[in-house]
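These notes concern the structure reproduced below.
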Amino acid sequence: MKTMYPSTEDVANGAKDDYKAKKKFLNPSRDIDGGWAWMIVLASFLVHILVMGSQMALGILNMEWLDEFSQSRGLTAWVSSLSMGITLIVGPFIGLFINICGCRKTAIIGGTLNGLGWILSAYSTNVQYLFITFGVIAGIGSGMVYLPAVVMVGQYFQKRRALAQGLSTTGTGFGTFLMTMLLKYLCKEFGWRNAMFIQGAVSLNLCVCGALMRPLPSSEQSENRVESRMVANDLEKTLPPPAEPLTPNGLLTEVEEKGGPAAVDVTNSLPPIKGKGKRRNGVVFKDVYALSILKTVSHITVTIRKGFWSWYSSYFGTASLFTNKVFVAFVVWALFAYCSFVIPFIHLPEIVKMYNLTEQNDIFPLTSIIAIVHIFGKVILGVIGDLPCVTAWNVFLMANITLGVSILILPLMHIYASLAIVCALVGFSSGYFSLMPVVTEDLVGISHLANAYGIIICANGISALLGPPFAGWIYDVTEKYDVSFYVCGLLYMVGIMFLLLKPCLKTKPQSEKDTT
């Protein structure tokens, strides 16, 4: 009796139906919340060490530049301010690069620019030269690495986003300690010029971090891959075994060995076509080469147009991010946030001196308490933000209120113990920085995270540029350092008021949680 096998089309259709039935149980990528996702966290952690840690340690080089160029403190300080400010301000434009090139290529280009900026700065002859090489070139390079490092962590994590962001951003605290010691040692042993050259070589490791940022396949690609694998497996199990291959007889083999008609290449014997390249195996190679170039150019053009349109529509189109009222309030808060955070680092030593606490502060500096507790605050707030019983927004809001109150009451503490407690609160509550990408993603969706977070860090960059000079201007007018804390604390509370408006503002629900 003849065995009846189903046709290939029937088997394929059955496998597709079976896949659709199981589709809801399939994870679009096995690397989500595990696997390569933790390598992304490691890469982002190293980026924060090399970028943010280095910028926090620029005080070492600032003293060397003052001695070398004999310029005013205000002019020299603009070098580090430009570097930090441009790193953040270029965020919206880096979003365009990410839309066109992807996070991996953007980060590799940024790592090259950052290392080049450090190396060129080693040959500077004046402060204005450093404005270009270190402030602009290295600053743009830092921004091109920093934003992809944050976005990639958001793409690879769904359930433990806050914890992953908290772990990666702790690199800023570790980097501050490590880079400070490294730059201090290099300047002492080799001089500041060689120190910057060596640091430039170290910064090229940012390219390695960028190479680790492997892009996730789109959900459609992942589904097609799984579907094709299931269909192939079912075909292999269901279809009959292939027929045995025919074996040539001795006569055919003998003719081929003697170079008979079977060994003749007919296509190669044809004359070449004039002006259209050499013919081989029936293919005109010149035409194929020209078509491949045309196809590549067309693909690049389409990619650039698609990326630019996505970037443009996020800012100026009908689906602009600025139509989201809660996001606009979030941007306004960001304009006040960063300047208030840096005030304790700028004027806290003067508060200590004013209250005659220098001896105790030398044993354990209050700024070190802020930095150390800040590391733990990022991780702990990240863990709390991932708990199912709370939302990341509420944790973020409470941390901001705590930070604002702590800045306001800090000048009222006149003994070292009370100052240490308030500084610990400042350090812990400022750990909300790890929740900023999570909150941003919840507001706009993962597909708009790069452009939206670019706007947020741009607002932070403006705040970082204007905050320190504003605090200095307050001191020049009042001749009191504690007034800077009161004014900046009040401004910070004004920013928090915009966050409290969230329940009153209507926004479109962001249901898209894809990993495109």
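Each Cβ is built from the backbone N, Cα and C atoms, and glycine gets one as well.
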TrEMBL tags one of 78-100, 193-215 as transmembrane segment - which one?
78-100
Which range out of 163-183, 391-409, 415-438, 450-471, 483-501 gives the transmembrane segment (78-100) the most CB pairs under 8 Å?
450-471
Counting Cβ pairs under 8 Å to the transmembrane segment (163-183), which of 36-58, 129-151, 391-409, 483-501 comes out on top?
36-58
Quick test of the contact rule: Cβ under 8 Å, at least six residues beyond the ends. What residues does that give for the transmembrane segment (415-438)?
150-151, 153-154, 161-162, 165-166, 168-170, 341, 344, 348, 351-352, 355, 357, 360-361, 364, 366-367, 369-382, 385, 392, 395-396, 399-400, 402-403, 406-407, 409, 449, 453, 456
